Amino acid sequence: MASIKHFFLVFICVSVLLTSGLADYKFHVCDPSFDEKDCDFECKEFGHPGGYCRPDRVQPRIRMCYCTDR
């Protein structure tokens, strides 16, 4: 019984870890020549529901275009 509980606990933890970073897809660097409207348009062209510009998670000084998957 304890092994079944441990299995489900590990399964849930692994599922959360694997899916937490899949919501957004990094697409392009945002700069004055590629703004939020361009980001949204390009993401929609590639089949995503939309896109937005935000600071990069690794290098916050760089603004990146992220395409949403939901």
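Any Cβ shown, glycine's included, is placed from N, Cα and C.
As the structure is a computational prediction, the values presented were derived from the model and not from experiment.
These come from Swiss-Prot:
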DISULFID  Cys30-Cys53  disulfide bond
DISULFID  Cys39-Cys65  disulfide bond
DISULFID  Cys43-Cys67  disulfide bond
SIGNAL    1-23  signal peptide
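In three-state terms derived from DSSP, Cys39 (disulfide bond) belongs to a helical segment. Cys53 (disulfide bond) carries a strand DSSP state (E or B). The secondary structure of Cys30 (disulfide bond), as reduced to three states from DSSP, is coil rather than helix or strand.
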